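Written below as structure tokens is the structure these notes are about.
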């Protein structure tokens with residue numbers, strides 16, 4: 001039973017991280033006053049909490065700390081600590097720490113959520129197959145978001161009234177879509193160079209372009 005749960009926990013964390021890779025570029029809700037940032041963060045927070053609970057259960061069963069060290073560990077912890085001190089010392093420390101529903105970034109709590117998500121993901125994803133699949137999902141999701149943005153610019157809108165503006169994209173702000181593309185393009189370029197699959201290469205080259 002223990003081994004079954006450990007295998008299940010790895011698969012569940014993979015599904016959670018894969019969901020985050022889809023949500024970040026594509027998820028939004030037109031039913032709230034702010035379509036994009038708040039809803040993406042809420043979904044990421046739920047994913048992170050579920051992942052942390054699964055991680056904690058795994059450590060209890062294994063009776064040891066399950067933690068994968070990476071070169072980013074210390075810089076991330078130091079950066080989060082600096083942001084917390086700066087937020088606590090600010091004039092409106094509640095907004096600086098928790099964030100405003102209309103403008104969450106760069107407050108401390110969303111940053112802490114991202115840091116915890118990172119540690120949860122790297123400490124529980126051991127399979128190269130899972131990691132590669134997540135990279136592919138992120139590339140595909142970002143490509144889809146880019147296609148929507150490009151289509152909207154040329155007035156080929158999604159079939160929703162709220163989407164019928166030329167600046168519409170599923171990330172929310174065009175600068176953030178550009179930042180996401182900046183992060184994803186090197187990944188897709190690397191895969192296009194190193195992949196041995198003849199079926200994967202055309203897609204990843206197209207995504208890079």
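Numbering starts at 1 and runs along the chain as displayed.
Here the Cβ of each residue, glycine as well, is placed from N, Cα and C on the backbone.
Residues or ranges marked as transmembrane segment by TrEMBL: 12-29 (among others). Under 8 Å from some Cβ of the transmembrane segment (12-29) lie the Cβ atoms of residues 35-36, 39-40, 43-44, 47, 50-51, 54-55, 117, 120-121, 124-125, 127, 130, 133-134, 137-138, 141-142, 144-145, 170-172, 177, 180, all in the same chain and six or more residues away from its ends.
Residues annotated as transmembrane segment in TrEMBL: 41-61 (among others).
Here the transmembrane segment (73-98) has long-range neighbours at 106-109, 111-112, 115, 118-119, meaning same-chain residues at least 6 beyond its ends whose C-beta is under 8 angstroms from one of its own. Residues or ranges marked as transmembrane segment in TrEMBL: 73-98 (among others).
Packing against the transmembrane segment (104-121) from elsewhere in the chain are residues 13, 17, 20, 37-38, 41, 44-45, 47-48, 51-52, 55, 67, 72-73, 76-77, 79-80, 83-84, 87, 95-98: each is 6 or more residues past its ends and has a CB under 8 Å from a CB in it. What TrEMBL records for 104-121 (among others) is transmembrane segment.
TrEMBL lists 133-154 (among others) with the feature transmembrane segment.
According to TrEMBL, the transmembrane segment annotation covers 174-194 (among others).
The list of residues near the transmembrane segment (133-154) in space but at least 6 beyond its ends in sequence, with Cβ under 8 angstroms from a Cβ of it, reads 14, 17-18, 21-22, 24-26, 125, 163, 165-171, 174, 177, 180-181, 184, 187-188, 191, 204, 206-207.
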